[in-house]
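K.L.:
One structure follows; several queries about it will come next.
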Amino acid sequence: MGQLPKPSKISFGTDGLRGRVDTMLTPALALQVGYWCGRVLQAEGPVLIGMDSRSSGSMLVAALTAGLTASGREVWTLGLCPTPAVPGLIRRYSAAGGLMVSASHNPPEDNGIKVFGATGSKLSPERQQAIEAGLCGGDGSGMALAASGAARHRPELLDDYRASLLSSVGQHRLDGVPIVLDLCWGSATACGAEVFSALGADLTVLHGDPDGTRINVNCGSTHLEALRRAVIEKGAAMGFGFDGDADRMLAVDGQGRVVDGDHVLFLWGSVLQEQGQLPDQRLVATVMSNLGFERAWQARGGLLDRTPVGDQHVHAEMVRTGAALGGEQSGHILSSAHGLAGDGVLTALQIASLCHAQQLSLAEWVDQSFQAYPQKLVNVRVENRERRKGWADCAPLSSLVQEAEASMAEDGRVLVRASGTEPLLRVMVEAADQAVVDHWTSSLAAAAELHLNAS
């Protein structure tokens with residue numbers, strides 16, 4: 001039997017593997033990842049593979065398929081689809097697991113691989129480490145090829161995913177509601193316009209075709225300017241912008257104001273609370289969520305659990321506590337009633353249908369929610385991974401963080417963390433006063449730039 005060559009050291013970040021296709025995420029590496037995923041996944045059944053619209057996607061899917069079939073696995077490729085379609089279809093068809101080829105909100109030249117187990121959840125750290133060990137371990141002697149598995153292209157399975165989106169809103173309709181969708185040239189183009197149109201919405205679509213060279217470029221949830229303009233120009237009730245793989249969404253109300261994940265959690269959570277469908281009145285959010293949100297939710301008698309950044313941490317806490325709803329300020333929203341997978345299109349459908357059912361505009365609903373504290377996030381590029389990850393060991397920077405925290409006391413927060421997907425140190429400051437926020441973000445970002453990038 002043949003053997004596969006051993007790649008250099010790699011590791012999973014906060015959302016799988018991610019990087020530039022021409023340097024880090026090569027076809028050779030994807031073949032290896034496919035092989036070791038096939039070996040590490042424990043359940044029987046096919047392995048599903050979806051992809052976003054990036055130009056490198058088909059190449060990487062082919063390499064992953066080769067690796068998986070080399071491990072003896074049967075593979076079903078889905079083609080273009082949102083990330084949440086993969087875990088949903090894993091559960092529906094009792095698959096062994098699945099992979100999504102996407103770099104989410106990253107630029108077009110990047111790509112990534114997300115891995116899901118038989119329950120539809122992202123792999124545990126232990127399973128990820130087993131794949132890493134296989135990729136990088138020993139002399140490759142354990143990597144003998146198995147008898148080849150089969151591969152089939154199954155795009156028709158996405159009809160089940162679209163049907164699940166429509167059923168998620170029950171009998172609610174959106175007849176005549178003017179809505180703008182920014183599909184980001186990405187995965188949301190596979191279903192976003194179709195499901196909103198099926199519910200009767202008066203739809204305007206931006207960036208509505210799959211385009212791997214323009215995915216995330218000045219559009220979608222990370223660049224809301226075009227969506228905000230379109231909502232105002234069209235006199236729309238609301239707009240929704242998705243990221244490249246459609247697992248997250250940010251909204252815009254009829255006044256052009258951004259409605260982030262904190263507001264989505266508060267609004268959807270309030271409805272569940274009033275319906276008696278929110279155990280312990282609990283929501284799960286991350287350390288990035290706004291203090292104004294937390295205090296307003298507590299004023300409603302609710303509990304807010306915070307986790308580290310990353311929807312996998314939100315997922316784990318929801319499972320641990322039995323929470324019904326959780327998510328991130330950036331727009332990943334997880335609902336236990338809908339499979340605990342972040343799904344931007346599903347979340348947009350929920351918000352639109354709940355607004356319509358209550359006969360409220362999104363702007364009116366947001367005005368009834370909470371006043372966010374001023375919050376500012378600055379990204380400092382730090383190429384040195386060790387310095388970036390170990391920023392707290394930099395005495396001048398950590399001392400300045402402590403000074404900022406002491407000066408704001410209970411009226412503000414500082415959060416400094418290394419990105420899990422990009423060479424960035426993220427500096428966030430939140431306070432009751434905008435001038436205080438501006439002062440400390442500027443000071444902390446300058447200190448990080450000076451001390452972490454020093455030669």
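In case you wondered, yes, glycine gets a Cβ from its N, Cα and C as well.
Since the structure is predicted, the reported quantities are computational estimates derived from the model, not experimental observations.
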K.L.:
Name the one residue among S94, S104, S398 that Swiss-Prot lists for the same Mg(2+) site as D243, D245, D247.
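P.N.:
Of S94, S104, S398, S104 joins D243, D245, D247 in the Mg(2+) site that Swiss-Prot records.
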K.L.:
Tally every other Cβ atom lying within 10 Å of the Cβ atom of D247 (Mg(2+) binding site).
P.N.:
34
K.L.:
Give me the sequence-ordered set of same-chain residues, not including S104, D243, D245, D247, with a C-beta within 8 angstroms of the centroid of the Mg(2+) site's C-beta atoms.
P.N.:
D52, P82, T83, S102, H105, G186, S187, F242, G244, A246, R248, G344
K.L.:
What is the one among the binding-site residues D243, D245 whose Cβ has the most other Cβ atoms less than or equal to 10 Å away?
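P.N.:
When each Cβ's neighbours within 10 Å are tallied, D245 leads.
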K.L.:
Per DSSP, to which secondary structure element type does D245 (Mg(2+) binding site) belong, with helix, strand and coil as the options?
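P.N.:
Assignment for D245 (Mg(2+) binding site) reads coil.
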K.L.:
Just to confirm: which same-chain residues, 6+ apart in sequence, have a Cβ under 8 Å from the Cβ of S104 (active site, phosphoserine intermediate)?
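P.N.:
Counting only residues 6 or more apart in sequence, the Cβ neighbours of S104 (active site, phosphoserine intermediate) under 8 Å are D15, R18, T83, G112, D243, G244, D245, D247, R248, T421.
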